[in-house]
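Q: Below: one structure in structure tokens.
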Amino acid sequence: MPKSEFLQEAEARGFIFQCTDIDGLDAALIAGPVAGYIGFDPTADSLHVGSLIQIMMLRLLQKHGHRPVALMGGGTARIGDPSFREEARQLMTGETIAANLRGIEGCLHQFLTFEGDTGARLANNADWLDRLSYIDLLRDVGVHFSVNRMLAFDSVRSRLEREQGLTFLEFNYSILQSYDFRELNRTMGVTLQMGGSDQWGNIVSGIDLVRRTDQKQVFGLTTPLLTTASGAKMGKSARGAVWLSAARLPVFEYWQFWRNVEDADVGRFLRLFTDLPLEECDRLAALGGAEINEAKKILATEVTALCHGRAAAEEAAETARRTFEGGESPAALPATTIPADLLAAGIPAFRLFAESGMAASNGEARRLIRGGGARINDVAVQDESLMVTPVDLVDGAIKLSSGRKHHLLVRPA
């Protein structure tokens, strides 16, 4: 049983999957403040729910008096992490990477405090990787890496077994991530790297590099792969990624995502994604029957409050109450626009659902309508070719519904 407060709570909440040396890390945490980092590659201008467990780990580290460090992969983003991916990532321009870095930094500021003795720090590996000579990398770092060992990593082996293969560019990713750990240890005193279970091989490589070159002890800690009770990968909804940025996903839809989780996931998600005391998480998870829905509302409001602020979370909860319990169609529902001339000419119902994003494609929209799950202004759509025109506007908008829980206001623009 760990003695440090951070590891005790991390274990109780379900954050810990593997640790390179749990006893050594425990002793280091007790001895004094530890700096721990997690890397985020800027593949988009926002993080999504799939990264939330990592962010909450940094938040928990800071809660217990240690310093969280968020490493922005401005350099490694030019390569892309191949870990357990089906194929290579598309390479991004420098302008895209810079814009994505700004967006991700905004997400992190919602969860972490950047002031005070344990204020969070941001680092960007482009600051040192851009200056790195390839010859120096081979001589000083590459000599410590065994190709045989790298080929044995699950993340590498799974790619090599596919026809798509693994490029030499991607194969270098683990070396660069290891270099990051050593650089952060040397310049910022970072002694702990955390990440998802898919990062285990890269983390161990970094620890080994620090030990071989600097004769220092550092640690690695991974979180479990996050899936729902039904086995689905966390971070996606039927309509796409669940983004942490309100510019990418309306606050109401973020709240709704958490309100709609499976009953079996409520307790686990309360422990991982809220600051509620463990006793309260256990009490809510034990609720049965219709009462579990109240627990889901609390989960949705607490998770949304961390990401978007308490006021926005409570507004989303009230919007949901009025929409689903009061039968209203408030302006706070998520909204989008379509060209006014398109609506003026008349648009088939299936196409409106696809154009608005309520369905991923025309085919999916047709299936939704045929299955009885589509409504326009709270009236079921029977005919997929029904023409929607300005006559259907109510207070300047058309309300689209997919099933009972997904709603969208469409306005002409």
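Backbone N, Cα and C atoms are what each Cβ position is placed from, and that goes for glycine too.
OK, TrEMBL features for this one:
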- Tyr37, Tyr173, Gln177: L-tyrosine binding site (BINDING)
- Lys236: ATP binding site (BINDING)
- 42-51: motif ''HIGH' region' (MOTIF)
- 233-237: motif ''KMSKS' region' (MOTIF)
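Each of the listed features needs to be described in terms of its position in the shown structure.
A: Secondary structure at Gln177 (L-tyrosine binding site), taken from DSSP and collapsed to helix, strand or coil, is helix.
Long-range contacts of the motif ''HIGH' region' (42-51) within its own chain (CB-CB distance under 8 A, at least 6 residues past either end) are made by residues 72-74, 77, 80, 89, 92, 97, 99-104, 107-108, 226, 233-236, 241-245, 247-248, 257.
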Q: Just report the maximum Cα pair distance in Å for the recorded L-tyrosine binders Tyr37, Tyr173, Gln177, no decimals.
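A: The two farthest binding residues have Cα atoms 17 Å apart.
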Q: State the mean pLDDT for the motif ''KMSKS' region' (233-237).
A: 69
